Amino acid sequence: MRIVVGVGGGIAAYKACSLIRKFTETGHHVRVIPTESALQFVGKATFEALSGNRVDTGVFADVPEVPHVRIGQEADLVVIAPATADLMARAAMGRADDLLTATLLTARCPVLFAPAMHTEMWEHPATVANVRTLRAHGSIVMEPAAGRLTGADTGPGRLPEPEEIFALASLLLERADAIPRDLEGRRIVVSAGGTREPLDPVRFLGNRSSGKQGYAMARVAAQRGAHVILVAGNTIGLEPPAGVEVVHVTTAEQMGIAVDKHATGADAVIMAAAVADFRPANVAAAKIKKGAGEPDSIELTKNRDILAGLVAARRDGRLPGLAIVGFAAETGDEHGDVLTHARAKLKRKGCDLLVVNAVGEGKAFEVDNNDGWLLGADGTEQALDHGSKALLASRVLDALGPLLR
Ligand code: CTP
């Protein structure tokens, strides 16, 4: 695919270099268009070497090729990283005073802005209005990350990590309309990852959940405008998605407490976590040793079902109107195939939507791609095409939207 990477003049311009590499390494054709001030931070030669293509900032280079029209027209995706306050202001106004803004006016493909600026600039009414305008024009303006900015100050305005920008860009290449702004004003709780049930101070019972699907759910929901609280169990060291409030937990018990707490006042809970059904009945205070007194079995006790608890609370009127989404990793067996088990689980659990993944043979766990089915309590069944976990997340959010009060 043909990707245009526009680089604004901010210190985060150096992070555009890793983004460009990710695009070229995954086989995309990349054309970098910096603003003149971006070149104060990263040299033209760097962008040319990384992209393998010529780099210009103005409209008067290579005139016979009419690049200010052609590059935008031919692009499959435009990604602006970092998008500075000034660059977004110019883009919102429809200025065309350099090659990048001219390209933005001629592009008809998805356009993704990854903002980076100081918190004051991000929160200024002028920037807020420009972001609103850009979104109204159909561009996707990412939520910036919060954290340390240049200097000692912290707050929202940090450039989302290149991995995050890459994930959303890849999603837009899979599905151009995957990130509408349809969840603005919504509060969504997402659980992700596996729980760990301690056995002694050094050992635990765990599972193979990587957390990737839940993190993708949280990431896409946040970029669609929701306030997302991500209750994260054990993951394979995933970076928290930009604009998401993360609550870290370890055990199923802790996850239950955190989910229940945040479910109050939420519009939806998405239980993507792999919650342990059992935990060791006794947790040894000291490390269990071989030899005299060694146990020959581990006694287990049942954990409560968090999802079922939410359904019960809704039924009792304690969580009125909460939309509830469950996940199920299933295998077929002598009692039925994956879908038969999944339909029974949806009924048993009483949630509104059940996302079903077939597991085994290198599927679902730890991998980047996923597919499956989406079953609705109203009897609807939709196949989820094979694609990234973010793509699957976008389909689930499409189905969730109409269920929100
Ligand atoms: N779940 C939960 N609390 C638990 C176990 C599971 O909230 N103690 C949630 C999971 O997050 C998931 C859904 O329930 O959204 C289905 O999980 P799964 O383990 O497939 O369900 P179980 O009822 O444990 O089914 P099975 O008998 O197949 O293990």
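Glycine is no exception: its Cβ is also placed from the backbone N, Cα and C atoms.
Just so you know, TrEMBL annotations are computer predictions that nobody has curated.
Going by TrEMBL, these are the annotated features:
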type	residues	note
DOMAIN	1-166	domain 'Flavoprotein'
REGION	1-187	region 'Phosphopantothenoylcysteine decarboxylase'
DOMAIN	183-400	domain 'DNA/pantothenate metabolism flavoprotein C-terminal'
REGION	188-405	region 'Phosphopantothenate--cysteine ligase'
BINDING	Asp277, Lys287, Phe327, Lys345, Lys349	CTP binding site
Binding residues Asp277, Lys287, Phe327, Lys345, Lys349 (CTP) - maximum C-alpha distance in whole Å: 38
Largest tally of Cβ atoms lying within 10 Å of a Cβ, found at which of the binding-site residues Lys287, Lys345, Lys349: Lys349
Per DSSP, three-state class assigned to Lys349 (CTP binding site): helix
Secondary-structure category, per DSSP, in which Lys287 (CTP binding site) falls: coil
Where Phe327 (CTP binding site) sits in the secondary structure, as DSSP reduces it to three classes: strand
Spatial neighbours of Asp277 (CTP binding site) that are distant in sequence (at least 6 apart) but have CB under 8 A: Lys302, Asn303, Asp305
Cβ neighbour count within 10 Å of Phe327 (CTP binding site): 25
Model confidence over the domain 'DNA/pantothenate metabolism flavoprotein C-terminal' (183-400), averaged pLDDT: 95
